[in-house]
Amino acid sequence: MSKNSEFINLSFLLDHEKEMILGVLKRDEYLKKVEDKRIRKLKNELLEAKRRSGKTQQEASRVCVHCHRNLGLIFDRGDPCQACSLRVCRECRVAGPNGSWKCTVCDKIAQLRIITGEWFFEEKAKRFKQVNVLGTDVVRQSILRRSPGAEEVQSQEQTRQDAEKSDTSPVAGKKASHDGPKRKGFLLSKFRSATRGEIITPKTDTGRSYSLDLDGQHFRSLKSPPGSDRGSTGSSDLNDQEPGPRTPKSSRSNGVTPGTQSSPAPSTRTVTSVISREYGFENSMDLAAIEGTSQELTKSHRRNTSGTPSIAVSGTSLSSDQSRSELDLSESFTEDSEDTVSIRSKSVPGALDKDSLEETEESIDALVSSQLSTNTHRLASGLSTTSLNSMMSVYSETGDYGNVKVSGEILLHISYCYKTGGLYIFVKNCRNLAIGDEKKQRTDAYVKSYLLPDKSRNNKRKTKIRTGTNPEFNETLKYTISHTQLETRTLQLSVWHYDRFGRNSFLGEVEIPFDSWNFENPTDEWFVLQPKVEFAPDIGLQYKGELTVVLRYIPPEENLMLPPEQLQGNKTFKKGKKKESPVISGGILEVFIKEAKNLTAVKSGGTSDSFVKGYLLPDDSKATKHKTLVIKKSVNPQWNHTFMFSGIHPQDIKNVCLELTIWDKEAFSSNIFLGGVRLNSGSGVSHGKNVDWMDSQGEEQRLWQKMANNPGTPFEGVLMLRSSMGKCRL
C-alpha cells in the first residue's frame, strides 16, 4: 500500500483507542491464521482420502475404487458414481436429495466448499469489485503512519514543554530522559508481542501481568520489576530497550530528544496523558516514533520483528508467522521425484528445452542438460532445476551408484524449543548399515537432512563422515523455524556412503512429517531406513494451492463472428506488401485465467511473484505458448487474463491437452515451479498414440468434458494444483 489514497485519517483517535484497535487487529490476524490452518488440514484430509482411494480403476477390474472391496458379478456389483463415474460399493455411497447419491470422496469435495466458506468468497467476488488490500491492513497502516503535519505539531509541543520544564530540577529531567526510552520500549514490545500472537494486559494493582501465548496455547505469568514504569508484558522483548540517556534511532530521525519527547511534565491534555500513561503511552507521537523501526511491519503485518527465529537459514532475513508454508528458496528449489530431470522439462514436454535457448528463465535447464547429457537417465530421480549451486548435492541425489541394498536403522532424538524457535535433530548413531564399497568392504557414512519441500542448499544439513556399518555420529542438526511453519514441513534424513570421486552411494532414508508430531515429550527413537521411493504417489498429492479457470469452446460455425484481432497470431511490422490474413478454420478454445489461492510463498516476506504459462499439447512450440502478466507480492494473485487457441475442430477436443503451470518469477535465476494442472479427456491416447500427458482425473477431467459437451457455454472450475507435472500413474 504505497498510495496515499489507501490511507484513512485516524488522527482524531486517542492513544489508548489506537492501542485497543491494534489489539483487535492482532487478534483478527491470529484468527485468520487459525482458519487458514483449519482449511489446510481439511484439504490435506481430502487429498489423503484420494490417495487411499487409488487411481482410476480399469474396466476389467471388479473392485470398489475407494475401499478396494471385491464386487460380485450378479449381486453387489457396485454402481458408478453419478459425479466421478467410478464404480463403488454400497458402503462408499452418501445419499442425497431426490434419491441421488455420490461416492464418499465426491461428497467430501462438495462439503469442503461449504465448510471452508469458499462459496461466500465466490459470491462476494461476483457482487463487489475485487481489491488486493484488506480493510484491516488499511486501518493498521493508517494508525502506524505519521500524519503530514506531525513533525510541525511535535516541534510546537516540544517548545511548549521545554518552557514548562525550565523550572524543574535536574533530577526530574534525568528521570524523564530515562523514562522516555522505557516507554518507547514498552510500546515497541507491545507491537512485537502482538505480532507473535500475544495479548498483553496492563499492569494490575498487584504488580503482576498476564499474557496469553496464542501460538503455544498456554498462559505465562511474569512478575513485573519493582518501580518499573513499563509494567510486565510477559515478553523478553522488554530487555531489548535499555533505559538510558542515549537517543533512540526513531527519535534521532525525527529530531527529537527522549527527554522532550516523553517528558512527564504537566500538560494541558491532562486527561489524555493520564489515560495514555496507564497503557504505556506518553503522547500521540509515540505511535509515529516507531515508524522507522517497524517499517517492515507496516508493509507486511505478518512480518515478525520481535526476534522470533527466522524460517530462512540466513540470519539476516525475518521470519513469517503465517500458517501457510513459506519456503526458503533464495537459492534453489527441487522436487525429489522420479519424474524430474527438470521440473519444467517434464512439465511441458519438449517445449521448455527449446525455449531455454531463447529465454533467460529456462537457461539453467539447458545448462544442466548439456553438462549431464551422458547421465540424463540416471539423474532423472533427483536433479533439481536450480541445483547448480551445489554440484555435490546434484550427485548425491542422482541415485544409488553402488546398487547397495538398503538396510539398517538410525537413532534420532528430535526436540523443539518454542522460546527460540529451534528444531534440534540429534543424530546419535546408525546400526546394521549396508556395505557402501564392496571392493574395499568399508562404509564411510554421513547423514544429510532437508525440511521438505524446501531442498535448497541453504536448507541442507550434513554430519561428519564416520567409518563402519555401526557409526556413532552424536551430532545435532539445527533448523530455525516457527512452530506454525514446522507443522507444514517433513523432515527427510538420508544416509550416504561418501566416495572421494563424488560417486556417493545411497544407504537409506527416513521421512518424518511434523503435522502431528508430539514435541512435548521428546525421546530417543529408532527409525528403519527405507529405500528411495521410485514412484512417489504422494508427490502429486501435496497441497500446492488452487487455480480458478473458465473454459469455453467456440465451434467453427461461430468463430467468424469474432473480430480478427481476437484470434491468435503475431503482428508483423516488416516493410513490403501487406499480406492478407489467412482464414482460420476450426473453432477456438478460450481459457480465462481468473485467479489462484494459497500458492506456495517463496519470497522472504511470505509472498510470490507469480505468472501462468499455458500450452495446448501436443503442439508445444514456442509460437503457441501463452503467458500472463506477473502479479507481484501475493500468494492469492488475480490475473483475469484470457488465452485463445484457434484452429481446433470438435474432433480434436479428445486428442489435445491444456497444460497450465504457475511459476514464481526470479530476476537472476531460474523461475520456481509452484504447481500446475492438465485438462484433457484422460484417455491416455492422442491421435492413436499412447502419451503420458493425457492423464487428467477428477475435477480436471470433469471440467474438460463439460466444455466439450456444451460448445459455446463457459464453465468455471476450481482445480487443485499438482506439485509435480509428471505422469499420474495408474
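Cβ coordinates are placed from backbone N, Cα and C, and glycine is handled just like the others.
Marked as domain 'RabBD' by Swiss-Prot: 7-123. Per DSSP, the domain 'RabBD' (7-123) is made up of 63 helix, 12 strand, 42 coil.
The zinc finger annotation in Swiss-Prot covers 64-106.
Taken from Swiss-Prot, the feature phosphoserine applies to Ser147.
The annotation region 'Disordered' is assigned in Swiss-Prot to 147-188 (among others).
Annotation comment: Swiss-Prot describes 217-271 (among others) as region 'Disordered'.
Per Swiss-Prot, the feature compositional bias 'Polar residues' maps to 248-271 (among others).
Annotation source Swiss-Prot lists region 'Disordered' at 294-355 (among others).
According to Swiss-Prot, the feature compositional bias 'Polar residues' maps to 305-322 (among others).
The domain 'C2 1' annotation in Swiss-Prot covers 406-527 and rests on sequence analysis.
The DSSP breakdown of the domain 'C2 2' (563-694), given as helix, strand and coil counts, is 12 helix, 55 strand, 65 coil. Taken from Swiss-Prot, the feature domain 'C2 2' covers 563-694.
Note on the domain 'C2 1' (406-527): its mean pLDDT in the predicted model is 88.
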